[in-house]
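Report on the structure given below.
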Amino acid sequence: MGIKNLTKFIKEKCQEAYVTENINELSFKKIAIDTPMYMYKYKSMNAAKMVENNGIYYNPDGWLWSFIYFIYSLRKHDIHPIFILEGGYPEEKNKTRMARKKDREDVKKKTLSLEESISSYATSLRLRPEDIPQDLKEEWNKIAKKNNLPFEDFDFETVKDHVKQRHRYDIRITNRDYEKLKILLKIMNTPFIQAPMEAEAFCAYLYKKKIIHGIASNDSDILAYGCNLIVDFEFDVKIDEETKISKITYINYDYLLNKLDLQSSEFLDFCIMCGTDYNDNIYRIGAVKSYELIKVQKCIENVGKFLDPNNKKGTILILNHLRIRHIFNHYGMKNIDDVTNMQFLEKKASWSSVPNFYLLTMLTIKFNINIDLEWIRHGFEKCNIKWDCESEYEENVEKTNVEETNNEVDEFPIF
């Protein structure tokens, strides 16, 4: 997701743009959370647990535990999150979305095929190398090449573990997931907003309007929108026996521009040339070459004059840069009048109410979430935050019947 190879480029060319500081710098400030990104992150972590435990005691809703702990950790440090949910996307993203969907389907089919080969091979005598299924040989060759191992030393257990790891990449966000998360956020009395467009675009809009202080995401699109990007939270990292400190790491947008010696418009053109979710990059021109061209030519139009016009694969037409510029410069403001609770967002950061422990207990039981709520409650009490015992959501949660559908979220409007 995001700008193709941008973070890799930054780490190699401008590592100093990554800033790590004490998390208390965000205390009493509003932070927009790019919720879809965190859903993918936490669902992937939950899938990893399934792999580690061989599927034993696996709970497909276990990813909600991560959101509970995340919210608790933010509140512990007096950080005020606003979870931004997805609302739509521009039509230029259709190609990317379809490609990602096909990739997930291909991964799933390949994984099932490999598992069938593993099952078949496991029941055979496995006496001769020629008995090894071809697809398992190919997987082993990939492993051997990556780890500098002899190709002839086929290791069945290593291949089995490698195939098992593939389940971590079969991650889908469904309507059911969104409904469960909304229930959790209500019970935790944590604000969330349904964006009228893509979540990261609305986050960028709030940042530029100075309604929020920062954006938590791993989506490098945030940089193309011209915003600082909080890429990591580290909670209670132990430094020594007596000292614990929590940190944040973010990419400083202004420092990045200064270090790369680019204006904001030039940086956006650089991002477009790298390739985005809305356009492909020019054939055989990656991030490094794109930077070199923009650094000298200053804009995509001038780059077009520099390239060979007879090379159909090497023209700027594939970039669709006028439309993509418009998306990054104006798309975040589209349908903004449809957003509810804007007055709430503009208020000074404060917790309007505290989590409802009774309903949270009900939720963890209903969705079979394994979490030590007493430990969480004790943490809130240490922060002088008391649990609410009554809530307007109680009746709704008790009667909740989330539709058990695994349909992916693909019904968002296209703008």
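Each Cβ is built from the backbone N, Cα and C atoms, and glycine gets one as well.
Marked as region 'N-domain' by Swiss-Prot: 1-114. Look at Swiss-Prot and you will find Asp34, Glu86, Glu198, Glu200 tagged as Mg(2+) 1 binding site. The region 'I-domain' feature in Swiss-Prot is assigned to 163-297. Taken from Swiss-Prot, the feature Mg(2+) 2 binding site applies to Asp219, Asp221, Asp277, supported by similarity to another entry.
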If you count Cβ atoms within 10 Å of each one, which of the binding-site residues Glu198, Asp277 comes out on top? Glu198
If you measure from the C-alpha of Asp219 (Mg(2+) 2 binding site), which of the binding-site residues Asp34, Glu86, Glu198, Glu200 fall inside 10 Å? Asp34, Glu200
Near the Mg(2+) 2 site, what residues other than Asp219, Asp221, Asp277 in the same chain have a C-beta no further than 8 Å from the centroid of the listed C-beta atoms? Met1, Gly2, Ile3, Glu198, Glu200, Ser220, Ile222, Ala224, Thr276
To which of the binding-site residues Glu86, Glu200, Asp221 does the lowest count of other Cβ atoms within 10 Å belong? Glu86
Out of Asp34, Asp219, which has the highest number of nearby Cβ atoms, where nearby means within 10 Å of its Cβ, if these are the binding-site residues? Asp34
Remaining residues near the recorded Mg(2+) 1 site, that is with C-beta within 8 Å of the centroid of the site residues Asp34, Glu86, Glu198, Glu200: Thr35, Pro36, Met37, Ile84, Ala195, Met197, Ala199, Ala201, Phe202, Cys203, Ser217, Asp219
Cα of Glu86 (Mg(2+) 1 binding site) to Cα of Asp277 (Mg(2+) 2 binding site), in Å and rounded, measures 15
Asp277 (Mg(2+) 2 binding site) to Glu198 (Mg(2+) 1 binding site): how many Å between their Cα atoms? 12
For Asp221 (Mg(2+) 2 binding site), the one of Asp34, Glu198, Glu200 that lies nearest, given that the binding-site residues are compared by Cα: Glu200
Three-state secondary structure, which DSSP defines for Glu200 (Mg(2+) 1 binding site): helix
Please give the average pLDDT for the region 'I-domain' (163-297) in this predicted model. 90
